[in-house]
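Feature annotations, courtesy of TrEMBL:
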DOMAIN    A:146-354  domain 'ABC transmembrane type-1'
TRANSMEM  A:34-54  transmembrane segment
TRANSMEM  A:60-81  transmembrane segment
TRANSMEM  A:93-121  transmembrane segment
TRANSMEM  A:141-165  transmembrane segment
TRANSMEM  A:185-210  transmembrane segment
TRANSMEM  A:216-233  transmembrane segment
TRANSMEM  A:265-286  transmembrane segment
TRANSMEM  A:336-358  transmembrane segment
């Protein structure tokens, strides 16, 4: 690498040539980092090509990874030669920070590709119309698990939305002093309850009434509600806080009672954000496996009754298909991956709809 | 006219009363729920605390010998996960907040958030099906050339289902929340501080080191502690990925790995009966206490900085 200095245009000041372009002197030319990245990748590819001659298989993932890793010292070396130590460090950190982001993309892309490629094998009509009752080996489906997931998540939502919403209203509109601060702190701590502890709690609660060994759909719903309430409270609270105080004051000044102000002014203004928060909360609990495994158990059959018998759910279906593989094992694994694909599609759809609701139904302030 | 007007008292309306009381009731339900979680777990665990192997078949000697390796495994796996996740999440947060093009930043943030949307059971399947086979050659290499380091000693696992793999999956799972908090704090750095640093001739990294990181340190700490709480309680990914045995071992690459409390409950609970159930619930109680303490510490750190609100 040499510094290219442009020749002076007029020739009147030949002595000034070294500083003719002082702003870019002592800097790597534009695009140099890309050139270095490309050449390092080529070097790495050649290296792995040499290995491929002996093993007969070109490991292109390894080539890219090694090339990317080599880029970090390479850019530091070139930059410290041309630009000095401080800029070299800056470039080094830039490379590392970008690398951290790309590193995090690897699992996301890998999960997406794997779930799509392996999940499509059994992503058929049977999968959505049949249960696993009397199915050994191939065939069967996850209808009982999908119904169970909908029932339990729906019940959890029915329990936690009123409690969560009213709690956030209390925190924003009424709560003052120690009690409010205590509740807010406990809500924050509650978001961190491990999901399996929620499952154990629901089991312990229902075991007192129904005896040990109880597994019920409603117990699973209670476990999910424990996980869902704090999420609903947090998101609704934030949305209620966004409502401008002028709206409340205008309504109160007209003599409207406080509760009517909340119901008719505050809630309609923030309903889009609250809906988004609730949908994200549902998306969070719909993928929970551990609490349902503990509290609702697993079964091969359809069960519409929340208060009697075990109830299958989609995440637990995925887990049991993997954990209790029969013969042939592929049939079980295919069902597990198809279940995983269904689950991810549901979660993604909920996330997407939530964002769309937030965008299109948000209140328009100003004019 | 000389008497001061009596203070105006708002009329007490029935609707107001009902509404505010029900709001207060809902708020107190939070307290009741948390208290109920603690009480029910305690009630169910008391018989297990003094149980021996004669009462519960799951125990080999007594309860505390049973729970010891589990507590170790839980903390060990979470610590490993955090060791990987903290630098990466700080890097991602810096990339999104200070390096990426402004218009792309929110999209990139959303992409990282997508990681949080993947259910843990899917990560478990992915860990076994994709990650574990992929790391086997890496582990073999580490074991062969760096085996003199105690962490990499022992016989390298042929399946890749080791505690290191489980920790990688855990790290991926706690990345989104940690990144979200770090990003939010980094974005709140006063622009004047950043511009002042740049105006003094600092490079971008120097600006970050002297303006952004000191400002964001409480956020980084609380993000780490929250991530620790998540990693401690994460169940299915560990339960599925790890080939577990009941040991205390620091070796990362062998097929004899310590397991975590949560994973052990998930694997043992479906077949548990009689007092074994209480033993497992008692381990769950310990997990609850540990995560409660960890989360309380994190919130305490966050609350010390009042202006920061985005930690959820």
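Cβ from N, Cα, C; glycine included.
TrEMBL labels come from automatic prediction, so no person has curated them.
A Cβ distance under 8 Å defines the sequence-distant neighbours of the transmembrane segment (A:60-81), meaning residues of its chain 6+ beyond its ends; these are 1, 28, 32-33, 36-37, 40-41, 43-45, 47-48, 87-89, 91-92, 95-96, 99, 102.
For the transmembrane segment (A:216-233), same-chain residues at least 6 beyond its ends with a Cβ under 8 Å from one of its own Cβ atoms are 148, 151-153, 155-157, 159-161, 163-165, 167-168, 171, 187-188, 190-191, 193, 195, 198-199, 201-203, 205-206, 210, 277-278, 280-282, 284-285, 288, 291-292, 294-296, 303, 305-311, 313. Only pairs six or more apart in sequence are counted, and the transmembrane segment (A:265-286) with the transmembrane segment (A:141-165) gives three or more Cβ pairs under 8 Å, enough to call it a contact.
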